[in-house]
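Visitor: Per TrEMBL, the feature domain 'P-type ATPase N-terminal' maps to 40-97. For 73-90, 96-115, 293-318, 345-367, 948-972, 1010-1034, 1040-1061, 1073-1095, 1115-1132, the entry in TrEMBL reads transmembrane segment. Feature annotation from TrEMBL assigns ATP binding site to D413, K414, T415, E560, F602, K626, R666, T746, G747, D748, R847, K853, N876, D877. Look at TrEMBL and you will find D413, T415, D873, D877 tagged as Mg(2+) binding site. Positions annotated as active site, 4-aspartylphosphate intermediate by TrEMBL: D413. Residues annotated as domain 'P-type ATPase C-terminal' in TrEMBL: 899-1132. Per TrEMBL, the feature region 'Disordered' maps to 1167-1189.
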Amino acid sequence: MTKRSLLTLVRDALRGQRARDRDLRNLVSNLPYEGLERSKQPNRYFQSNGIKTTKYTLLTFVPMNLYEQFHRLANIYFVGLVILNFFPVVNAFQPQVALIPICVILALTALKDAWEDFRRYQSDRKLNNTPCLVYSRREKQFAERCWKDVQVGDFVKVACNEIIPADLLLLHTSDPNGVCHIETANLDGETNLKQRTVVHGVCVTHPEFDPESFNSRVVCEKPNNNLNHFKCYVEKPDEEKVGAGIESLLLRGCTVRNTDHAAGFVVYAGHETKSMLNNSGPRYKRSKLERKLNVDVLFCVILLFAMCLIGSLGHYLWRLSLPDVPPYLVADGNGHLDSPSLSSFYMFFTMIILLQILIPISLYVSIELVKMGQIFFITNDVDLYDEETDSRVQCKALNITEDLGQVEYIFSDKTGTLTENKMLFRRCSIMGTEFPHKENGTSHTQWNCFSSLLIETEVIPDRKLLQQITRGENSSRKTDPYLDFFLALAICNTVVVSMATPKTEDSVIEESHFHPPADKKEGTDAISRHRKCSLHVLSQSDVSAVTSADLRYEAESPDEAALVYAAKAYGFVLLARTPNSVTVRLPSGDELVFEVLDTLTFDSNRKRMSVLVKHPVTKEYVLYTKGADYAIMELLGTPYAGTGKQKNVATDTQHHVDCYAKEGLRTLCFAKKIVSEKMYEDWLVGRQRALAAIDNREELIMETAGQLETNLSLLGATGIEDRLQESVPDTIVALREAGIQVWVLTGDKPETAVNIGYACRLLEEEDLVINMTSNALKLAVGLTCTAILDCTLEEVKRYNDDPRNVDTTQNISVVIDGPTLTMALSPDLRDRFMELARRCRSVLCCRVTPLQKSRVVKLVREKLKVMTLAVGDGANDVNMIQAADIGIGISGQEGMQAVMASDFAISRFKHLKKLLLVHGHWCYTRLANMIIYFFYKNVAYVNLLFWYQFFCGFSGTAMIDYWLMIFFNLFFTSVPPIMFGIMDRDVSAEVLLGVPELYRTGQGKGEYNFLTFWISILDAFYQSLVCFFVPYLVYQGSDVDIFTFGTPLNTSSLFVILLHLSIEIKAWTVVHWVVMLGSVLLYFVVTLAFSAICVTCNPPSNPYWILQSQMADPTFYLICILTTVVALLPRYQNSIAPSPLIHARHLDQKEPSARAQWIQEWRSMRGGGPVRRSRLSPPPSPTSETPVNVSQCKEMLRSGSSAEGGAVCVWLEFILQ
């Protein structure tokens, strides 16, 4: 390579990096440059569509894998000892033999990594060679190419049911309205169809799409991983800019549905596509137990250094005590003998090599195997399987299963998590008149009653409202508020109208990069079920032949579907929707085709959405708006035409909305506005400018939406019921009894949230409920919030200090809304708020944003230093799920984004009870006990070598053959603790569910703490003393050789260690018996074979025929029996104060009926006797205008503390004005 070519490569690389780092990219078509070399291509600096997810190549595998493995300090430690053993002055064993343990561990890990990387390589190769259609200028048609050959600037054609190969800007579809439907299940798990539209006015698409006619320039933002936003504009040759957003982007990995074909311009390819930027791989979290384990490993290192220091000092003193140089101390080649001080220095390192197994090298590998076994049992639990959705629990974070047994705080969403998210239209208010719809769901009025019989498609019309609609149709007025209300229900949404039709089998490419590994099977099954029928989207030509029964509605949220079905029940049938029109059939049978001028989509800041249409009858420009009550009421202006009663209508409607919320219904308000033609034209100019903008595009679009959504005329409101899921109250009560504080974070109104809180038993009638809600934020409210927090904390502390309240159960709950929560989370108030929250049993946060949810979780986790769990079902819960120590997603009605961001996924909230109380407890106790046992086993065994040093001049000599020492840890005692960690059950599932208080044993420090660790270490020291000195005293004064002394010692140590584990095992199975007996049998078979064939294995001493000779001597059996009994004697002693788990194990031994009776007595005993409580007065309405100052708060608290039963009962109403 010449110097000039090298400089050219460097220059091109720098230019390419600058081009990729720019905030905006200018892209042009590749067609004029087809056939030219790569250096002359205009888009050459951007990545091609080939992907590579492998980490290694054949040349780099060994060095890179070793580099990664040496990031684990334990591996560096053992490799360092192996290297140290190669120095003759400090070696304790044959250097080659010392290599075996670490080489086995490194080789097994390398094989696992190689297999995983090979699977990634196969997937990459299959994907890169997948065929697709790319337009060729030479061939004048779309030609078949591989995915890896696609470049930015190419034109790609995708047929129905094909996967999109790159991120395409949609320019043409087979649909005459320019619509393409895609399924995004590979990206976000959602199987409902998404609608994409072409960039209008850019290409002439009739009769055929001609890519060669595209001579515009595409300007788009730098690649990012946001699947919901895309900034772009197309600049035509005349410099006219046409804006485009996510609604015109086909994402790589999505599947085209219900569209014959679509063509687009490649804007992002390969690793720069949004799907690949979201493919971050499996997440890694460190469990609390693992962090504690690392501390204990450090303690073991300190213990090892202390023992080596004792050995070094002992060797020095022993050398000084020798009067002459003994003949067994061999000098070097020059006849020089090291001094006692130098010899003791060398002996320190020799002792490290000899006692190295004090640090358990196989512990980390064993923990990974145990967690894999635990996950297998969790995912195959039939009680965690949901037959309705055909889904089971999914475990995605493989290394935090034990954290499920240590949860102290749970943060839960409400809609779709505690509730079904299957909406039922219950009530509505139109022009201030309320229509209750009593027939709808009359048998399901109780929140804790579960039923899925009634869904959003079943709406029974109200008779009075039907009569009113009939009168409105027969009137001579061009418009009627009742007709407008139902038109708003049918039009103001993004529902896709379709029909169920048969469809042929799909030829689908399975792309593993779009599927998380843990839920691949479930996701594939769900997609296959979805593909059994195709939803044929209706065009205008199909509308006349359609009956209402044939229609299917695809909605992004169940609320929209419920409202459309409600309108359909009253005769307002949504027949078809295109980007430019909406067709509605009226009760009279007439069909109205509304021209859609623009859709102002919903966002979390505006809390509303609007659709601007042109009325086919009146030719007026009409804006229909729906949203939260407070978001609509503040925008009201002119009354509805001809009524003049806007104020009364608004007041009555607000009253109805508040009543709906107190009943736990989800509320929406609907409004209308007539827009003049001039106002629309002026507004359209700013709207198009905002859509074509790149910088601050979202802010500009939101600003234009706000300009139009003013002076609205209120039409009415709706109340939709979202029933509680099955067994939610029982689950929350069980979690509270388990010592877990439950917080619910929801965006609903305070009244709705409180109603749900009582229904699901988050709040109890006898609770002390502190209601911190505000109607509006004004200036100078910070001082009020500070004072209220201070006086509340003072009264709570005073209650705790009162000796009269010793035997009472204080159940404190807090209800707080978003504005107040913002102040409470401020730096000067967060400590006070956390102090109050720490004393609460439950907290209910309403009107909170997704960002506030994550802030609350982070604050509690960091300030209180507790184990947190967040559970949700929607995209707005992702931040909260990722902020918690454990994130759990519920696969509900709002897609799979929460599931894909979570560590575990369940289908029902009730599954959380068994997942935590049973599997969480088992996983934690199993792993904690296994880790403690590992430390005990290694310390007990290595101490045998340590005690021997006192009788061999601290010379680093071992009385057990080193091969047998290696086999002892690798084979003889490795499998039993792994089976113990996977299959042991200290308490049955029935008792754990019946006595949730048992879960508290894992919270806080849990069973694996500083005390239990050092008790096990002391136990190991005691047992090693017994195992060493019983054989020593038996053979004292005899002439047995070193291995004859070490063999019974090694055998009795095996029996003691395995029988110690047998005592720890609480639930014996066939697997335990096979593993235990197999380990003993393996020991004797291997040792007998080794003793028979090993003649010169360990010169000058060899264990030839040692065990055979020992087994012919009765003394050998006497030593083994006596040593085992004496060493394990303390383990048979009953505890003076039995733990709750010991009591629970006694319950397991009783008959089921007797066990149930004992559980009731147990729970009453653990509850601390009878509970003195008082009734709760009904909460005041949050719409009250009466302020509460600090002195009034204190007086209310004091009067509440002297209420009936002596319990504290008060509601604090924060009216912040």
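From the backbone N, Cα and C atoms, a Cβ is placed for every residue, glycine too.
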Visitor: Between the Cα atoms of F602 (ATP binding site) and D877 (Mg(2+) binding site), what distance do you get, rounded to the nearest Å?
Guide: 17
Visitor: How many Å lie between the Cα of D877 (Mg(2+) binding site) and the Cα of D413 (ATP binding site)?
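Guide: So the Cα of D413 (ATP binding site) lies 7 Å away from that of D877 (Mg(2+) binding site).
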Visitor: Would you call the transmembrane segment (1073-1095) and the transmembrane segment (1115-1132) in contact, using three or more Cβ pairs under 8 Å, pairs 6 or more apart in sequence?
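Guide: With fewer than 3 qualifying Cβ pairs, these stretches do not touch.
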Visitor: My understanding is the cutoff is Cβ-Cβ under 8 Å with a sequence separation of 6 or more in the same chain; which residues meet that for R666 (ATP binding site)?
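Guide: Listed in sequence order, they are T415, M423, D559, G719, I720, E721, D722, D748, T752.
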Visitor: Which residues of the same chain, at least 6 past either end of the transmembrane segment (1040-1061), have a Cβ under 8 Å from a Cβ in it?
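Guide: Contacts with the transmembrane segment (1040-1061): 933, 936-937, 940-941, 944, 957-961, 964, 968, 972-973, 976-977, 980, 1023-1024, 1026-1028, 1030-1032, 1076, 1079-1080, 1083, 1087, 1101-1103, 1106-1107, 1109-1110, 1115-1116, 1119-1120, 1123-1124, 1127-1128, 1131.
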Visitor: Using DSSP, break the domain 'P-type ATPase N-terminal' (40-97) down into helix, strand and coil residues and give each count.
Guide: 26 helix, 0 strand, 32 coil
Visitor: Determine the mean pLDDT over the domain 'P-type ATPase C-terminal' (899-1132), rounding to the nearest whole number.
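Guide: Looking only at the domain 'P-type ATPase C-terminal' (899-1132), pLDDT averages out to 90.
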Visitor: Counting distance between Cα atoms, which of the binding-site residues D413, G747, R847 is nearest D873 (Mg(2+) binding site)?
Guide: D413
Visitor: For the binding-site residues D413, G747, R847, N876, which one has its C-beta crowded by the most other C-beta atoms within 10 angstroms?
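Guide: Sorting the candidates by Cβ neighbours within 10 Å, the top entry is D413.
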Visitor: Mind checking which of T415, F602, D873, D877 has the fewest other CB atoms within 10 A of its CB? They're the binding-site residues.
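Guide: F602, out of the binding-site residues T415, F602, D873, D877, has the fewest neighbouring Cβ atoms within 10 Å.
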Visitor: Same-chain Cβ contacts of the transmembrane segment (1115-1132) under 8 Å, 6 or more residues past its ends?
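Guide: Those are 1019, 1022-1023, 1026-1027, 1030-1031, 1034, 1047-1048, 1051-1052, 1055-1056, 1059-1060, 1063, in sequence order.
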Visitor: Apart from its near flanks, which chain residues at least 6 from the ends of the transmembrane segment (1010-1034) lie with a Cβ under 8 angstroms of it?
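Guide: Contacts with the transmembrane segment (1010-1034): 296, 299, 303, 932-933, 935-937, 939-941, 943-944, 946-948, 951, 1045, 1048-1049, 1052-1053, 1056, 1060, 1115, 1118-1119, 1122-1123, 1126-1128, 1130.
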